[in-house]
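**Q** My structure is below; once you've seen it, I'll send some questions.
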Amino acid sequence: MWPNTSDTPFLLTGFPGLEEAHPWISIPFIAIYISVLLGNGTLIYLIKDDHTLHEPMYYFLAMLAGTDLTVTLTTMPTVMAVLWVNHREIRHGACFLQAYIIHSLSIVESGVLLAMSYDRFVAICTPLHYNSILTNSRVIKIGFGVVMRGFLSLVPPILPLFWFPYCHSHVLSHAFCLHQDVMKLACADITFNRVYPVVLVVLTFFLDALIIFFSYVLILKTVMGITSGEERAKALNTCVSHISCVLVFYITVIGLTFIHRFGKHAPHVVHITMSYVYFLFPPFMNPIIYSIKTKQIQRSILRLLSV
């Protein structure tokens, strides 16, 4: 079978019923997009340029910033095109590619947060072996594994989209393409595409969150065994930024899941707004959290500004 080559493009949707206000709605969106690009771009630059930040913890942070940056650059063009000039059409191939990148990077972000928790676990529970365990080559392998897990795991549900016939409405419910939106428009058996993502979420997001939780239980147990109150506080302080990012990410994931599962009677604009919160809030907050809570990042920013 050859891929479906329908000439009818999909139609993206902004905020239904608020089309007249789209130019005004675009103002906070562009402000957030610029903040995300500047914040995460600055983090990556600082980690690359400042040799004092050439440590596993900051390499993983650079991965997190890179993931957030790529998600933003993937969604921004279509969102702003819809809000600014009401350009709603998107070709099938471009739509499927956008959905693939968005969903893959969500799993990559979860994996990076897991890798960062492993870094904190090793640093606090086995500090004497930290440098021998988290070598540069091992950090590269972990990073490569996290990226491969994200992008390979999304191939099975995205690939069938190219072959599905689309005879229902071609109107999507967001200003960017999502797998769950596209598959509902297919005139085909989509059982696999319904079941696979549920299994994937359990094996990635849920399992990652569980491992992160247990790693912090062990970290807390180790910290409570430290006799010096000052050293205890210092050890816990190194985890605050990561815990904050984990909470921001997983609270938005849970919020989006609850809205989709139990908010069927909620206004459509609530579903759309929650989707934007999920894709924009973590990339917006992560650089702020690390800039406020991490002294090494603060010193690097001050050095950059004083040049």
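Using the three backbone atoms N, Cα and C, a Cβ is placed for every residue, glycine included.
Straight from TrEMBL, here's the annotation block:
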{"type": "TRANSMEM", "residues": "24-46", "note": "transmembrane segment"}
{"type": "DOMAIN", "residues": "39-290", "note": "domain 'G-protein coupled receptors family 1 profile'"}
{"type": "TRANSMEM", "residues": "58-85", "note": "transmembrane segment"}
{"type": "TRANSMEM", "residues": "97-118", "note": "transmembrane segment"}
{"type": "TRANSMEM", "residues": "139-163", "note": "transmembrane segment"}
{"type": "TRANSMEM", "residues": "195-219", "note": "transmembrane segment"}
{"type": "TRANSMEM", "residues": "240-263", "note": "transmembrane segment"}
{"type": "TRANSMEM", "residues": "269-290", "note": "transmembrane segment"}
**Q** Is it true that the transmembrane segment (269-290) and the transmembrane segment (24-46) have 3 or more Cβ pairs under 8 Å, skipping pairs fewer than 6 apart in sequence?
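**A** Result for the transmembrane segment (269-290) with the transmembrane segment (24-46) is yes.
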**Q** Looking only at the domain 'G-protein coupled receptors family 1 profile' (39-290), what is the model's average confidence as pLDDT?
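**A** Per the prediction, mean pLDDT sits at 92 for the domain 'G-protein coupled receptors family 1 profile' (39-290).
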**Q** Which residues of the chain, 6 or more past the ends of the transmembrane segment (24-46), have a CB below 8 A from one of its CBs?
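**A** 14-15, 18, 53, 61-62, 65-66, 68-69, 72-73, 76, 79-80, 83-84, 276, 280, 283-284, 286-288, 290-291, 297, 300-301, 304.
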